[in-house]
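Residues or ranges marked as active site by TrEMBL: Ser167, His194, Asp287. What TrEMBL lists as domain 'Response regulatory' is 3-121. Positions annotated as domain 'CheB-type methylesterase' by TrEMBL: 155-335. The 4-aspartylphosphate annotation in TrEMBL covers Asp54.
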Amino acid sequence: MIKVLVVDDSPLIQELMINILNSDNDIQVIGVVNSGEKAVKFLEKNKPDIITMDINMPGMNGFEATRRIMEVYPTPIIVITALFNCKDVDTTFQAMKAGALFVIEKPIVATEDGFRRSSQEIINMVKIMSEVKVVRRKLRPKDVNTKPLNKVKNTLSNIRIAAIGVSTGGPPVLQNIFSKIPENIHIPILVVQHMAPGFINELVSWLSQTTKQPIHVATQGEKALPGHIYFAPDGFHMGIRSNGQIFLSDTEKENNLKPAVSYLFKSIANYYGKDSLNILLTGMGSDGARELKVLRDKGAITVAQDKETSVVYGMPGEAVKLNAATYVLSPDKIAELFGKL
């Protein structure tokens, strides 16, 4: 049985969450509180498997509560928020930076179909994220790489494009990397981030606050410009042709995902091969791991995030198992790698 603590200051949302979660035989709501302070206090005597966290609450908000919980009682946390409430957006990403695993929209009650769909999404996410083992990391981990970075300059001189795949725990990692990339970088960067539908524009806006490069949600047929960062839009695979033209595809899901990292990496392998830098960051599952191995075999530079800094060591861990990574690095070292281009 998955034990859940619901944190929300709205009595209506509290009731909805209780009904949604308790409707599944594998889930039980063991507590409901209306503030961050009460959530922290609840954890003094109780140990839920997962917490659903509102953001905009009086007193200790969702960001502050998440940060405190991860410091004292590390527990998987899902942020449940009104995605298009502008005042929640920045705080939501701050909560993810503090340790929240995922962001999902509050239950949609406008239509029966919408409510049923959003309810199932919440149930599925609670089941998946309750299995994640979260820890408080105090020490900066050492980087493990198969070649020293101070000798990599020559091998990066031919790089024409970079591709990044990332999932659970990704936004803060992307912010860390992008905020440190030099302004004069001369290649385009393409990113597939697994994220709740409707949230990618907010992610781009948030990252733009701390990133020197222009960041876009990719559109069909646009040219990928040097020094620009492009994110795959909701519900479409993203690839790129040899002439630098981005293409979007509504074909079947890959690895049960759309957009999929595997799709992007395959297009990079087909059109750029050894002239590419490809990175697999924190995330559940194995999306992109096999394709990263193909890229390494073609002579491309490939990177997997290290275990110590990954919120979930699924995708990068699978890549390491397959010997798909030229380097296994922390986000700080990945940013340093971009600085050598």
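Placement of Cβ uses the backbone N, Cα and C atoms for every residue, glycine included.
When the alpha carbons of Ser167 (active site) and the residue listed as '4-aspartylphosphate' are compared, the span between them is 21 angstrom. Rounded to the nearest whole angstrom, the C-alpha distance between His194 (active site) and Asp287 (active site) is 10. Comparing the recorded positions Asp54, Ser167, His194, Asp287 on other C-beta atoms within 10 angstroms of each C-beta gives the minimum for His194. Across the structure, the residue listed as '4-aspartylphosphate' and Asp287 (active site) are spaced 29 Å apart at their Cα atoms.
Across the domain 'Response regulatory' (3-121), DSSP classifies residues as 53 helix, 25 strand, 41 coil.
Here the domain 'CheB-type methylesterase' (155-335) has a mean pLDDT of 96 out of 100.
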